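One structure is given here, and the rest of the page talks about it.
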Amino acid sequence: MTDTLTPVLTDNWDAERAWTLASYEERGGYAALDKAFAMAPDDVIAAVKESGLRGRGGAGFPTGMKWGFIPQDNPKPKYLVVNADESEPGTCKDIPLMMASPHTLVEGVIVSSYAIRANTAFIYVRGEVLHVIRRLQRAVQEAYLAGHLGKNIHGSGYDLDLIVHAGAGAYICGEETALLEGLEGRRGQPRLRPPFPAVAGLYASPTVINNVESIASVPSIIVNGPAWFAGMGTEKSNGFGIFSLSGHVANPGQYEAPLGITLRELIDLAGGMREGHELKFWTPGGSSTPLLTPEHLDVPLDFEAVGAAGSMLGTRALQLFDETTCVVRAVLRWTEFYKHESCGKCTPCREGTWWLTQTLARLEKGQGSEADLDLLLDQCDNILGRSFCALGDGATSPISSSIQYFRDEYLAHLTHGGCPFDPAASTTFPSLSDTAAGATA
Amino acid sequence: MSLDQKTRDELREIAARYPEARSGLLPMLHLVQSVEGRVTPEGIEACAEVLGISAAEVNGVATFYTMYKRKPVGDYHVGVCTNTLCAVMGGDLIFERLKDHLEVGNDETTEDGTITLEHIECNAACDYAPVMMVNWEFMDNQTPESAVQVVDDLRAGNEVHSTRGPRLCTWREAERVLAGFPDDRADEGPAAGPASLAGLRIAREKGWTAPAGESKGESK
Ligand SMILES: Cc1cc2nc3c(=O)[nH]c(=O)nc-3n(C[C@H](O)[C@H](O)[C@H](O)COP(=O)(O)O)c2cc1C
Ligand code: SF4
Ligand code: FES
């Protein structure tokens, strides 16, 4: 029986100066390199396939399969790009990973680049995390000096350069083709697919784009073996993942567990919901994944079961809200986010998110009528599946799911002539904020 | 006024890091901000010249990304997360309090030029909500009172530390690091804050680990 929590990626985060090369190597870090270099690149790909690792950036695409799509007969250079843009609301796992143990990611980059035969790799990290960027820059510098990067790594004949690239503020640049535009020095607007990045990505060359956590998981698979990884988790969702609990729970934070753990188990570990309160709604994997309710507490958090429950595992960004939270306010705020972050390339999303905010804002103020709920669902229909990229689809998730589960709460805004909730009650400082609450009411 | 020679050389240095020079544009604009305090027409011209593209193209990029500013930014950029989770947990009240206290609106700078206040989107620190960023360093678990204390200390010139990072530098110094010129302060601050370690602490207490791998007797 596997333990309830299985720290692998988080295992060294409590080590003294965990971010340094010395600390990382003392615990066996960079051991995956020689093991991988002793294998043929295709065998590294095969091992990752066999492990069952699926992308940790949201969509869950099998990582080894993605690497296998790189046309090795294409004479152009191959590139690995790590998606470290982490901006999906609720998602907060890659940033602490890179802060505490940037070398885990760097080691993963080296093994992964070797597998796909890339000699240049990039970490595209969102710009708004200064200290994380410092730690990445330092880790890369240390890795070069130690001969883990650069020419003829460990005498293997394999060369790799790694560039840390800071973004400049744009949620859409987490979308992989928009990210490539950003990395080419352009406005971050998604590209038409096909061609897929595996064939024509960065500089129109074959490119693999993977999430931080996906790449950081690779060294452990190489060192411990694919069967070890596949032995954790559920049948089709193998391995472990970092589950990020935030919101009205006693001890929010990062919990690394096999896929398939339930929210009930996680809340138990986190000391329960905050004292005297109960769970009302939650996101399983960020704001773009449809809301769930307490009736879903026992859904195994893997790709299949969360999908069957009508949502998506996404990035395991579990944002928990208790009964003091107004769902309409929550959904309106997320919708304003999508409107703000819409890149403007396609009409359904650009215009649609604007209309959604208008309609929602009216409802939140207690204006409008019940017919506006159908209008909202109609507007969602016109966006979902008709947008150029998944940002537009994601924008509809909180709205349609909240109407499904909390229709009455929308109506209560109409009968109440505004929001029936006290915004101070949902804060972490409910007693302090009596006067401040007056200012916003 | 046009940019000095050192800055121009550094812009070229950034472009040279990449297989194709234009990839340097985002960090180059960060460098412009560190030197100029914002994205200036002169900075745009200089980037365009280095990359051999039009100023209009550079401008199109600069206007797309929210970290690039047209108006001068203060010594400290204070961002209050008002995305849903932080907003609900108190971010809205913190932002209101700071607006009142500093007598500025969103995206405005105090008269003394020290603080630029802005509400920001989710900064990947939701387990530390409500979150505030100063020059893109984490200020975790804020209250209206703690946030006011931070800005007062900054205005008074007192030393302020990130709750999960180093002593705060100025916004211009921060922008230089984002341009890819490290400031040698990676070793300040902890590896992880308490929330990042929440699960690991429990695993340690209970003796929980990942299973043993094929190459080792014990799990790691
Ligand atoms: C609007 C939008 C934002 C995204 N943001 C991120 C992100 O911040 N990090 C990430 O890894 N993937 C993000 N993705 C998913 C990426 O497009 C891509 O699927 C992922 O990086 C692939 O890596 P993986 O297979 O390792 O998960 C985003 C997708 C969309 C549509
Ligand atoms: S769906 Fe939105 S973000 Fe995606 S391309 Fe269209 S406008 Fe841009
Ligand atoms: S919602 Fe504020 S940091 Fe995520």
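Each Cβ is built from the backbone N, Cα and C atoms, and glycine gets one as well.
Bear in mind that TrEMBL entries carry predicted annotations, made automatically and left uncurated.
Now, the feature entries from TrEMBL:
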| type | residues | note |
| --- | --- | --- |
| BINDING | B:Cys81, B:Cys86, B:Cys122, B:Cys126 | [2Fe-2S] cluster binding site |
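Shown here: features listed in TrEMBL, placed on the structure.
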residue  : record                        : DSSP (3 states)
B:Cys81  : [2Fe-2S] cluster binding site : strand
B:Cys86  : [2Fe-2S] cluster binding site : helix
B:Cys122 : [2Fe-2S] cluster binding site : coil
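For B:Cys122 ([2Fe-2S] cluster binding site), the count of additional Cβ atoms within 10 Å of its Cβ stands at 30 [all protein chains shown]. In sequence order, B:Leu85, B:Cys86 make up the list of same-chain residues 6 or more apart from B:Cys126 ([2Fe-2S] cluster binding site) whose Cβ falls under 8 Å from its Cβ.
Counting other C-beta atoms within 10 Å of each candidate's C-beta, the binding-site residues B:Cys81, B:Cys86 are led by B:Cys86.
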